[in-house]
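Inspection log for the structure reproduced underneath, given as structure tokens.
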Amino acid sequence: EFVLLGFNHSLKIQQLLFMVFFIVYLMTCLENITILTTVITDHHLHTPMYFFLANLAFTDITESSVNIPVLLSGLLSQHKTVPFKDCILHMFLFHFIGGAHIFLLAVMAADRYVAIHKPLQYSTIMNHEVCVGLVAGSWAGGFIHSATQIALLLPLPYCGPNTLDHFHCDVLQVVKVACANTYLTELLMVSNGGLLLAVIFVLLLISYTVILVKIRGQVTEGKHKALSTCIVQVTAISITFIPGIFIYARPFKTFKLDKVASLFFTVFVPVLNPLVYTLRNTEMKRAIRRLF
């Protein structure tokens, strides 16, 4: 079993944090369920962009439901004990859903690229079968990423310290308590996690730069809408990728900001994504009003 240290604060501060994170979790579920319901029920939103947005909302709900309950239960006690099998399962689900989330953001960028560069052929290229295939591919990519991480962790011997200075099980902390030289394992994990994040992030920034240059050179009625959509998606990928790169794209050393970055990555990104996508999206706001 592993012992999660969580947040070493007084009982009152932990109770306050519990209330804050509980409210954040409720908001996350409410916002993303609203987006899911709106996209499903409103036929005006039955387009590839909103299909991908609904799937992104689903990953936000499931990722929060994997991480935040563990965080909340840890805040109710000074130290939380987690069985080894439960810890492995948590890490698998976390990286499975998180990986699918990352690949979905890449798919959404590709969707905007086709919409702006091939507007007349957009409906033919991004047909229903292609959209379903891209979403299925995102989940498959998340599964492969997560299964690889767990496959690297399981063979390691765990016979010494079992204390994790974190609020949930993650590969960075678990690999450090293994009773073996983990240098090669850490390199492979950085390549599979952090390096992959960094490469996808750079490619996404390049693709959005190309899109924005293309939009700038056009004088069309939909220019403002396309520009607004791209800015929103760049914001969304930035708040997702930057904390993730900070955590996973470096050797597994402990930094004081690790918990803060992980907290932002696992707790606040799922609640911010719906706000980022709906506050600047007039069509989505109208659809939500119609739903209510």
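Backbone N, Cα and C define each Cβ position, glycine as well.
Here is what TrEMBL says about this protein:
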{"type": "DOMAIN", "residues": "31-277", "note": "domain 'G-protein coupled receptors family 1 profile'"}
{"type": "TRANSMEM", "residues": "16-40", "note": "transmembrane segment"}
{"type": "TRANSMEM", "residues": "52-76", "note": "transmembrane segment"}
{"type": "TRANSMEM", "residues": "88-109", "note": "transmembrane segment"}
{"type": "TRANSMEM", "residues": "130-154", "note": "transmembrane segment"}
{"type": "TRANSMEM", "residues": "194-215", "note": "transmembrane segment"}
{"type": "TRANSMEM", "residues": "227-248", "note": "transmembrane segment"}
{"type": "TRANSMEM", "residues": "260-279", "note": "transmembrane segment"}
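The predicted model assigns the domain 'G-protein coupled receptors family 1 profile' (31-277) a mean pLDDT of 87. Only residues 6 or more beyond the boundaries of the transmembrane segment (194-215), in the same chain, are considered here, and those with a CB under 8 A from a CB of the stretch are 102, 105-106, 109-110, 112-113, 116-117, 145, 223, 226-227, 230, 233-234, 237, 241-242, 244-245, 247-250.
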